[in-house]
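First comes the structure, then the notes that go with it.
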Amino acid sequence: MQAKIQKLQEQCTKEQKQASSNIFSGVSIFVNGYTKPTPAELRQLVLAHGGQYHHYYSRMLVSHIVAINLPNSKVAQLTSEKVVRPDWITDSVSAGKLLAYQEYLLYPTVCKSQPGLTFTKHTTAPSGGVCETIDLNQKTTRSIVTTANVSHLDTVPTNVAQSTTNPSSRCIVTATDTITSVKPMDPGKARPSKTDMPAKAGDRNFVAEFYSNSRLHHISTWGAELKDYVKQLQKKGDGSFPMREKLCKMAANTRAEVGVSTNRDTRTPPGGMSRTKGQRTIMHLDMDSFFVSVGLRNHPHLQGKPVAVTHSSGKGAARNRPGTNIEYERAYWQKKRDSVRGRGRKGVQYMHRQVCEESGVDTEEGEDEDIEAIQAENQSGRLGMSNEEFFSMAEIASCSYEARQAGVKNGMLMGEARRLCPDLVPIHYDFDAYREVSQALYDAVASYTHDIEAVSCDEMLIDCTDVLVDTSATPLQFASLLRREIREKTQCNASAGIAENILLAKLATRKAKPNGQFHLLPEDVAEFIKDKSVSDLPGVGRTTSSKLHAMNVHMCDQLQRVAMATLQKEFGPKTGQLLYRLCRGEDSRCITVERERKSVSAEINYGIRFTQMSEVEKFLEELAGEVHNRLVKVDRKGKQITLKVKVRRQDAPRETAKFLGHGVCDNLAKSVTLPVATQEVRVIAKQCITLVRGMRITPSDFRGIGIQMTHLEAPSVGKQSNQTLLSFVTPVTQKDICSMTTSVSTTSAVIKTTSSLMAHQKTCRILPPLPKLPNLSSPPAQVVHTRMQQDTMEVNNDVVDDWLLPSPSQVDLDVLAELPEDIQRQLQKAMTDRQRSRPPGGNILPGHDSDQPGCSHWPSDQHDDREDIPVEVTRVTGGERSSKAESESVDLRLNLQPIVALPSYSQLDPGCLAALPSELREELEHAYDQERSKRSVAPLTAVATTGDKDDGQTGLTEVTEMSHVYPLRLEQAKSYNSPRKSPAKSPRRGAKAGRGGVGRGRRRHSPKKLQYDTRQKTIEAVSPQKVTGSSGGDKDREPSVSDAVSLCGAVDFGAVKLLLSQWLQSCHSPTESDVEWLATYLTRLVGDLNLEMVVMVMKYLHRQVKMKESRQWMTGYRTLIDHVQAVVCSRYGGMLKLQVT
DNA sequence: ATCCTCCCCTAC
DNA sequence: TAAGGTAGGGGAGGAT
Ligand SMILES: Nc1ccn([C@H]2C[C@H](O)[C@@H](COP(=O)(O)OP(=O)(O)OP(=O)(O)O)O2)c(=O)n1
Ligand SMILES: [Mg+2]
Ligand SMILES: [Mg+2]
């Protein structure tokens, strides 16, 4: 403590010495929240010019508060405070004299609604240190300033401290200290100029900066590294473990001392001698509150205190950044809550549930959405100054067991944690140290055995069977030894669980923690597992446990009573069986080494804020570089590139609750399969840029971006004449190269075959025939082949694509470059040839791309015979943390490319066809006739569109679906059914090739807008709220169709559909009020127990919306889904089987 | 059946 | 302020 005070004082005096003027003499500032310039810079300025700076607020000491915005509360308490903008400081410095602060008041006219600071009226800090106010007796730091009440305690030059070998030389502060300030100007660190800009994507070095601060990135990376490390150990090890001698001795000593049958370990056969044959002994070893334990080595005085590792400084954040609307996110999560019943969380006991209400949720921790909600509630709540005011959206990576007693959990937001545990002390990350401790942990164990599976940086599984046989030690002896060694080496505690399998070992560890060990014996398993919550089972997470929950299954013994068949039906064969076995304590998995890597990816969903598409593209290049590096690191190339994007949801506020967080988003994914695996940044970047352009997202709406490579292969294989190939490309101008952003793209299936064939036929150097597309009369391979015999070499940019080949403008030369040269030539020939035979132009989209020379896409508004050029597929999924309805993926086909074909005739279920209304069937058959005659196919949407126009009628999808799914049953106890598509679904429906896509083009051609009046008409509904029979016990009841509820007078489905169809066509996007109206109508239907109608309406909407390919419509539809599910849920305690996809 | 693709889910 | 990554398992549903 003294040391700290001294340091602080030194720091201040030192800086004061440098005072260059005295303009701030008598001025003593406190900076609230984030400012520009940063508080650190303001501090420097003020100190440099004779003023004083306080790291937290004290009315006694502070003459001016500096802020750029203040939370919406407690203005009344601030009446006498001088709250000024930062430019008062800077301007004064510029002017060389103290300017009148009145000109710089943040709120010149103080009114009642003026936002106020979040601190209490009173000030407790008595001692007026120049720089810091430190009160050793002040226990409740929170009573001083809530926005700055606790900050990291190791803020005193951590570098200095850490570079010191003697930990005790580090700054020491006891937990009761109220030193809460000194958000550090670490002398050693070049912080100041770095931190003054928000870390936004696009900033120089953002990617590196982000990753270097991302705990999840770190643990992920380390996990992989350690798996690899173990692999290497196993490969290189000679099987000798000298250290085992120690264990041998230990075992021998114990036997000598205690005798075989008296220690606690008594029932454990030493050395596994009496172990059943084939039975293994598994030890699970896990560091106790890992990050905290490591961090506390530098803060021994914090031992025994509630501590959390977090980026939060401990100051409250500015709550009301301009543009934020926390209420929105609150509402969003609230809605989710309503549509997901009883979501559970690990370690949270299920509480009794009434229908769909979520009693469990309130106790649910670690859910950022809930926390956001809670924070928002606080926000709108009372003005109280206390601790609850503390606001931070920073996540807690790890918290000490003391903190856990208060309910704090890993992953929880700091704001929420501080509500549960006001004394929670935040400490900084120390990634280097974690990594070192991890290594020490692994090394310690590895000196005894290599039968290890790396689970994570703080955790591993050990198959002890051999060691124990070898040393005649008991498992607990081995555990003790390991833990002792780990503690000696790392000064951190580990706990160990021992059992006959992985599952039980993990459960045993949980029981052992903290700093303990537990051997679960086979005879105790049944009793042990019985009253474990199902969510305690590893592999049972939020979704699964909530499904189980809905089946009224909470404890393992309850789960044991569910038949295997039931579980498999509900969860799938594997998962069903897994659950069946897990709840019995059975687990036959062996500890494994990392097998072949299957994917490599990099994504960033934080700090993504763009204004220009060019920034997006630049960022993609950076990310591509990252992916490239990672591919190189694992020595792999990838053939499929997937671009994952988070997009701000249409109605979400631009400013997220969490600073620079991603907020409520739609998820889009788009992928391309290359003809040849690649590692190249340029290739990856270009592909991604092409993909992202195709998504047509407003740059400012990006919230997250990721690139994933799959279909990995070893680079050595496909790597031939690279050099020459590159030179082959060289003649093409730089401009050309840049503009050629799209690769040869066809369906994955097609490509896959193609490339495998290529590999096969490498020797003959002839392009393999391109495989037939499904559903199409084959574009004959010979055609392609023939064309390739011709010879021309020019590459022209403005070409139209052909049947199978992409347009040259879409060929990525880098990809091309990876092909064998002969093949390249053939390709080029083929393309130039094709180019001659087709007129150019006509496929350049208006606007957007037209200004970009090489960026022509497949035409979107025309479908000629190009259905076979399946392209990338874009998908949209509901917001992050998907749940139930929201999690369903939606194919929006935002990109223009996808052109869709009818399924091959033979694929049609004849019965299904027969079941269609005659007009529809005729139309469908006509479409097939057309296909047959002109070798091209009427796009499915043509059919769908028909349904659209033809209002009395149902479209194909709907009909088939209805006939299969109906009667749509209430899912009551069945909402645990897979949130995904219903198994009884029409096979047509899901057909990827059969969806959306074309509808867009069509629609564009005939935008016949039924105008506004139509919509208005639609919007007034009639509702004689006639409640027939009701709730209790009518779940099994056949929902009765009632004609009492109408939408604008439309009662039967046909009429309703007509209205809806008019509505859908009348406007580009639905207005909120319209959606609300519809929601009201649906609510009434539910009230009328007319669920059948609800389902039909929803399905109709679904189908239409899908074809609309509009995010706005999709969002509207989703809103309705959420609404309907919530209403149905509250009424019936179950959910409808509705599709969001 | 068995493959493949596109996701969701889970864990740290 | 805040750093919300990453990989594998597996289900659904289509193709073969
Ligand atoms: N949501 C999470 C969970 C974990 N971690 C990091 C910090 C943890 O210290 C480390 C190890 O995770 P554990 O699940 O092992 O948790 P702890 O080691 O912190 O606690 P314990 O193992 O004692 O339960 O991973 C994280 O950053 N975010
Ligand atoms: Mg741990
Ligand atoms: Mg762990």
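Placed from the backbone N, Cα and C atoms, the Cβ positions cover glycine too.
TrEMBL annotations: computationally assigned, not manually curated.
Annotated domain 'BRCT' per TrEMBL: A:19-106, in sequence order. The region 'Disordered' annotation in TrEMBL covers A:258-277, A:826-868, A:927-955, A:971-1041. Among the features that TrEMBL reports, domain 'UmuC' is placed at A:282-541. The annotation Mg(2+) binding site is assigned in TrEMBL to A:ASP286, A:ASP458, A:GLU459. Here TrEMBL flags A:982-992 as compositional bias 'Basic residues'.
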(request) State the count of C-beta atoms found within 10 angstroms of the C-beta of A:ASP458 (Mg(2+) binding site), not counting that atom itself. (result) 25
(message) Restricting to the domain 'UmuC' (A:282-541), what is the model's mean pLDDT?
(response) 80
(message) Can you give me the residues near the recorded Mg(2+) site, meaning same chain, not A:ASP286, A:ASP458, A:GLU459 themselves, Cβ no more than 8 Å from the center of the site's Cβ atoms?
(response) A:LEU285, A:MET287, A:PHE290, A:VAL455, A:SER456, A:CYS457, A:MET460, A:ALA494
(message) My understanding is the cutoff is Cβ-Cβ under 8 Å with a sequence separation of 6 or more in the same chain; which residues meet that for A:ASP286 (Mg(2+) binding site)?
(response) A:VAL455, A:ASP458, A:GLU459, A:MET460, A:ALA494, A:SER495, A:ALA496, A:THR509, A:LYS513
(request) Can you see whether DSSP assigns A:ASP286 (Mg(2+) binding site) to helix, strand or coil? (result) strand
(request) Give the three-state DSSP assignment (helix, strand or coil) for A:ASP458 (Mg(2+) binding site). (result) coil
